[in-house]
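Per TrEMBL, FAD binding site is recorded for GLN330, LEU331, LEU332, TRP333, ARG334, GLU335, PHE336, PHE337. The compositional bias 'Low complexity' annotation in TrEMBL covers 1-20. The domain 'Photolyase/cryptochrome alpha/beta' annotation in TrEMBL covers 44-173. The annotation region 'Disordered' is assigned in TrEMBL to 1-50, 523-575.
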Amino acid sequence: MSVASPSRSCSSDLSRLQRCPGPSSLEAEPDRPALNPSLLLPNMRHPHPEQPLSEQEVLAALKECIRGADTIRCVYILDPWFAGSSNVGINRWRFLLQCLEDLDANLRKLNSRLFVIRGQPADVFPRLFKEWNITKLSIEYDSEPFGKERDAAIKKLATEAGVEVIVRISHTLYDLDKIIELNGGQPPLTYKRFQTLISKMEPLETPVDTITSEVIEKCVTPLSEDHDEKYGVPSLEELGFDTDGLPSAVWPGGETEALTRLERHLERKAWVANFERPRMNANSLLASPTGLSPYLRFGCLSCRLFYFKLTDLYKKVKKHSSPPLSLYGQLLWREFFYTAATNNPRFDKMEGNPICVQIPWDKNPEALAKWAEGRTGFPWIDAIMTQLRQEGWIHHLARHAVACFLTRGDLWVSWEEGMKFFHCYCPVGFGRRTDPNGDYIRRYLPVLRGFPAKYIYDPWNAPEGIQKVAKCLIGVNYPKPMVNHAEASRLNIERMKQIYQQLSRYRGLGLLASVPSNPNGNGGLMGYPPGESIAGSGSSGRRSCVGPALGSGKRPSQEEEARSIGPKVQRQSPD
């Protein structure tokens, strides 16, 4: 549940108490009211998930805060600065607000409520400490640089007010600082090295039991008759959004929905047993009722709960054999990127980022606008961007396609503008292979609905007679392609060759480029052929730049490296 990046969200029901990224729990002496809330501070500057309060460490902190306290309050701080941020779209805000509503509903089952407080943390906390006579504050650890800085300021305020602060980890599987410590004080820059490090760490603790009223015991939540007016979850309209014509949510927010999806996800026993990736088709590009990514991303679903649910099911299906590491591949990649980002405040920037390739991108606001608004003239790209605007989500292969088109594929515009950078996908051929009939195009670009499948991906090649029958003249009713893909991709391939030739002289290339090719155990990365180059983006929603994937981790010669990039890009383009 994060808007651009909410800090954590407190979501609790009889099965778990979950919280958003932010501080969280406080206690008072027996003769004083205590605040033991899960505090959720929206960290929207760098997208960050709401953290679950259902982990062993967090539940222990909650119990510790409750001990000796008379009252408990679960709080979400809504920073008005983020409410006005143009970087936070209506779909993210709706998801967050639904998460908070779900949390409030589940807290009611525990005779409690959620307190949504508007204001900046530096202003809010001193007032709460004094007004509610707080003695303990429990904070869920935020691994991102912005969150660390924010929480350090909060802890300073708490110390000055005589409030004890308890910090626990729940958004990641592991303590990221311990991983870095094991690696000599530096984050691992290859997935293989990351796997080696976590294999040396203590086994993960199993998830805790569900939160019940017995856990809270006699610690009550003080409520007033005007609670909804003072502390209720705001509406989209209150935040300044125009909801006229807003379609229904494709991804309903909240832990209740997340747990339902988790059960559906685990029903696919064949997938769990063999970790087989489903074949791509047109339906794969639409939101799935078993999709979990936004729920993990925003803390509605505990990553540790998911981890152990996978483990238990695998052992049942495989008769108690130990599951392969590949079963947890996507969770571990998420962990890997969080580890790489935790001490790098420039992780989402190119300039000043020590682990990012420096590329002289073009400045082209007109091209960027056409890309963002779905006016490129390439139906495959435009349909994807339309889906993104309407639903707030697109499939990861669709993200790859539009990110490549923006960056090294066609437009040569910085990934900082699109916040992604992947393989080079032909804006015609890749979509045609995925959805030959063009159903996906017709769904999101109804103006092209009348074109036969033969021309649905390149309608500019359709004879004028077919365009008239389809009631769509290219250049009139639908734009002509904004670039010549064949020419643009050839030029950009040469640009990338030059960059990698320069990189090959850099001593640390092996560290930057040695990304393993088979985290899923299938000889390829996320469904790509073995040895395919990749530059990934972390689950934290921010960008990581690496060079070509070198499965062995061995640095190639300058000539090999320079030759490698062209064929890899061209393989995916029939042009």
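Keep in mind that glycine also has a Cβ here, set from the backbone N, Cα and C atoms.
The local packing around PHE336 (FAD binding site), expressed as other Cβ atoms within 10 Å of its Cβ over all shown chains, amounts to 27. Within the set of binding-site residues (TRP333, PHE337), the lowest number of other Cβ atoms found within 10 Å of a Cβ is recorded at TRP333. Taken residue by residue with DSSP, LEU332 (FAD binding site) is part of a helix. In sequence order, THR172, LEU173, TYR174, LEU176, PHE194, ILE198 are the residues of the chain that are 6 or more apart from GLU335 (FAD binding site) and have a CB within less than 8 Å of its CB. For the domain 'Photolyase/cryptochrome alpha/beta' (44-173), the model's pLDDT averages out at 79. Counting every protein chain shown, 18 other Cβ atoms lie within 10 Å of the Cβ of LEU331 (FAD binding site).
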